[in-house]
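S.K.: One structure is given below, represented as structure tokens, and several questions about it will come after.
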Amino acid sequence: MKFLNTFSLLSLAIIGSKAMKNISSKELVKDLTIGWSLGNTLDATCFETLDYNKNQIASETCWGNVKTTQELYYKLSDLGFNTFRIPTTWSGHFGNAPDYKINDQWMKRVHEIVDYAINTGGYAILNIHHETWNHAFQKNLESAKKILVAIWKQIAAEFADYDEHLIFEGMNEPRKVGDPAEWNGGDYEGWNFVNEMNDLFVKTIRATGGNNALRHLMIPTYAACINDGAINNFKFPSGDDKVIVSLHSYSPYNFALNNGAGAISNFYDGSEIDWAMNTINSKFISRGIPVIIGEFGAMNRNNEDDRERWAEYYIKKATSIGVPCVIWDNGYFEGEGERFGLINRSTLQVVYPKLVNGLIKGLGNSIKTRTTIRRTTTTTTSQSQPTNNDSCFSVNLGYSCCNGCEVEYTDSDGEWGVENGNWCGIKSSCSNTSRICWSEKLGYPCCQNTSSVVYTDNDGKWGVENGNWCGIY
């Protein structure tokens, strides 16, 4: 069993029990901090250059990204991300009607990557992405319904025993591709298509039973856009408190997404972000409907300082209304296309640390850190004196000190261990090197004097000293 978890002052839940918490989506989203999207990877399609019959999983790297690894997700978790969207294109990976059987190789690979995310103790969002069969035209509706039901039944069965840390997202940006209404908020034809598909998706997952009866589900507006037409004609299912609205917002457009005339590299006006958040709040949040912004971002224009300010502003606004956000990372850093890369997936180097810093700063007092537990063994040094002495940091968090220096598991910074099946704090005497404050790699100083810390977050790892956030170590 993998022991992977989040420390808090209130609870300690071990992933692996598969017990499904019966909580509303309004409660669930409170535990989501910053999200990261595995863009241009499992959603990549290369029908003209790949022989899908010979190799079903080659498409993962056919748009230029490297094979996804567990270490990538551990790195992201260490940086503060706890929500991981996994965009997935199923076309090319399933058979003909009427079964539309998903290829076993492909399902296995998708399952592996979902586990990479879950293994951090965070949340995974699995979806249906760059499909052509669900373009939102009436002529496609009946065939699209059949495929949607078949694909989601198989996905639901594959992950039937997964708990609330796995979220299903029915569709990605369903819209009338190639039509004048494609990105303009839709029309009656498009709205009806999306509403019927959303309703069918929810009913399909619920009918599979087991944990899926309580599965948290995300459904989009038309094109997942924040537009009066799309939102006013969106139908949210009644009587189901485990459904979340999925929205995308690359705002301000000219700063964040526009790659042509009118594009700007300076962030000086947050009015578009304000409008988006005010709309979300008035249309959904104020009515008790939870929202996740499943995609947002600002492409690289050699303007990292501006993107840092933008990220802090964006996340601060979203956090103020209780909306978690998932940044889009397509793995591209240079060139003429969309440059939304954040982390080098080969070296695990954060290419734009200031941008990450802005995201974390935007969380403000809502910041929560997640600890990824990995199987290691601490080394007893000549200075080690294993005792029952409880004079270590974990006592203040409600956990005893580890009796010895050799424990079954430690977290990534070596501060927490598992001993006799229980979490415990590892004493500083178990290391002959000075402890390095983990917050420095996120751009925050160490707290200099814990007695002067005037505020701590709920897991006691972050503090406020002299008006500034600092890491407690």
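Keep in mind that glycine also has a Cβ here, set from the backbone N, Cα and C atoms.
Per Swiss-Prot, the feature active site, proton donor maps to E173. Marked as active site, nucleophile by Swiss-Prot: E295. Annotation comment: Swiss-Prot describes 436-473 as domain 'CBM10 2', evidence class sequence analysis. As annotated by Swiss-Prot, region 'Catalytic' applies to 18-367. The annotation region 'Linker' is assigned in Swiss-Prot to 365-387.
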S.K.: Who sits close to E295 (active site, nucleophile): which same-chain residues at least 6 apart have their Cβ under 8 Å from its Cβ?
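M.R.: Result: S37, R85, A224, H248, S249, Y250, V326, W328.
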S.K.: Far apart in sequence but close in space: which same-chain residues, 6 or more away, have a Cβ under 8 Å from E173 (active site, proton donor)?
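M.R.: Sequence-distant Cβ neighbours: P220, A223, A224, C225, H248.
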S.K.: Which of the three DSSP states, helix, strand or coil, fits E173 (active site, proton donor)?
M.R.: coil
